[in-house]
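Q: What Swiss-Prot shows for this protein is this:
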REGION    1-22  region 'Disordered'
REGION    2-33  region 'Head'
MOD_RES   SER22  phosphoserine
DOMAIN    31-387  domain 'IF rod'
REGION    34-70  region 'Coil 1A'
REGION    81-218  region 'Coil 1B'
REGION    243-385  region 'Coil 2'
REGION    386-584  region 'Tail'
REGION    388-431  region 'Disordered'
COMPBIAS  394-408  compositional bias 'Low complexity'
REGION    548-584  region 'Disordered'
COMPBIAS  551-565  compositional bias 'Acidic residues'
COMPBIAS  575-584  compositional bias 'Basic and acidic residues'
Amino acid sequence: MAAAVAPLSPQPRGAAASAALSPTRISRLQEKEELRQLNDRLAVYIDKVRSLETENSALQRRVSEREQVCGREISGLKELFETELADARKTLDDTARERAKLQIELGKLRAEHEQVLSSYAKKDSDLNAAQVKLREFEAALNAKEAALATALGDKRSQEEELEDLRDQIAQLEVSLAAAKKELADETLQKVDLENRCQSLIEDLEFRKNVYEEEIKETRRKHETRLVEVDSGRQIEYEYKLAQALKEIREQHDAQVKLYKEELEQTYSSKLENIRQSSEMHSCTANTVREELHESRMRIETLSSHIADIQKESRAWQDRVHELEDTLSKERENYRKILAENEREVAEMRNQMQQQFSDYEQLLDVKLALDMEISAYRKLLESEEERLRLSPGPSSRVTVSRASSSRSVRTTRGKRKRIDVEESEASSSVSISHSASATGNISIEEIDVDGKFIRLKNTSEQDQPMGGWEMIRKIGDTSASYRYTSRYVLKAGQTVTIWAANAGVTASPPTDLIWKNQNSWGTGEDVKVVLKNSQGEEVAQRSTVFKTTVNEGEEEEEEGEEEILEDVIHQQGSPRKPERSCVVM
């Protein structure tokens, strides 16, 4: 575990006990102290993680309650929408029936109109023939004036017939006009009905869009609440990180302050020495002045002494320059030490940031592992409930068996077990189940005797399963069952596919019979895969039989741990939760 090591503060000069310790011993003591501090911090982290888990569980309960409320509201809206949709469908059906009746009547009117047209054409042809005859009679009249008396009678009769025909033509024209008027009225009614039908369709589409917008708004509000919860947790993490960095900054500021005080003490002591030297130099200079004042009278005799004093003054000046150089070097060293300390502080900050990143990654891994463990626990509990086993630490059914005759007794405890008393070494068969699903359909159960396979729709929507295929594999053999094109598995419904010799009567849609297969088959390793109409795997379940030799309680417990590990490996890697069957 990487940890930031703070620079050691200098030990007091007078500590004899510390001087007696070796550097190795000092390093061990420092490491021990660092480990103690790290353990304390780890304990604080663990307590915080537990509190966060408690808060997370409370938030999950609140989210589940909110989802239930939203589900009830959505179900109410769904019922209201379905009622309105049923009314609209009923109205549409009535309109369709009326339209069919009108179409039938229109067909009859068209047939009558065609008959009238044919009769009119016939009468028109007769009129043309009569006119021809009239012209012939007139020609005959002109040609034969002698036959006028006899022809007048024929003429009157022909004229009367002509009048009758004209009256019939007028009546037919009136009937044709009435038929045309009725046709126009029926056409207007048809257009009106079509417009009403179109308006009803548009109203239905509008209601559907409103319903979808309400669903999207509800989902958006739900996602907004989840984002607000995640942002609150992020703020809390940032606050904790700021507090930790603040504590580290205060510690290093204290250490830098200690270094600064030591350097100031050293600088003060050296400055005091220089000041004392300067005072001594001042005293000497005063003495020299007095001597010079006294030696004015003795210039000739004391010139050599003045030269010596000048040499001493130059020596003191050199000493002052040397001390100034030393002071500048000390200042430079102090700047270097400060720069080194700042670099170490930056490195420690980077290390702390890396540690926090590692901690967040470990926390994410821990959450994923907790979800996986919860999923495995739920899966094992469901298997124990299905097999009517009492809760235990592992999902295993142990059956002891031997080849010789023996007495069998059943005991009750945390785990149901059938013990076989015999003198020989006994063997146990462990049955482990693993399942996963990526869609709405999951494989709930595989009968170990090969009688049935049970599926369940875990979603709140109906699932069409036309063209879906279920494949059973036992070793190198396989068999496939394909659903009909119209089969639909209702929301929350369970369907059982029975073998032909299971002795069960078909009861669609919950119980189906595979007439072409007498048994689903039995074996040590049974695997069932469910594929959709595109050939994509949406669910799978496997049952593994493992035979072990029971030679003692300790070996039995080790076998249980190995079986649990096999179950975990069959479920999928914990680092890939999307491939496992998460039971919420």
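The backbone N, Cα and C atoms fix where each Cβ goes, glycine too.
What does the local environment look like for each feature on the list?
A: In the three-state DSSP classification, SER22 (phosphoserine) falls within coil. All chains included, 8 other C-beta atoms sit within 10 angstroms of the C-beta of SER22 (phosphoserine).
DSSP labels the residues of the region 'Coil 1A' (34-70) in these numbers: 37 helix, 0 strand, 0 coil.
Averaged over the region 'Coil 2' (243-385), the predicted model has a pLDDT of 77.
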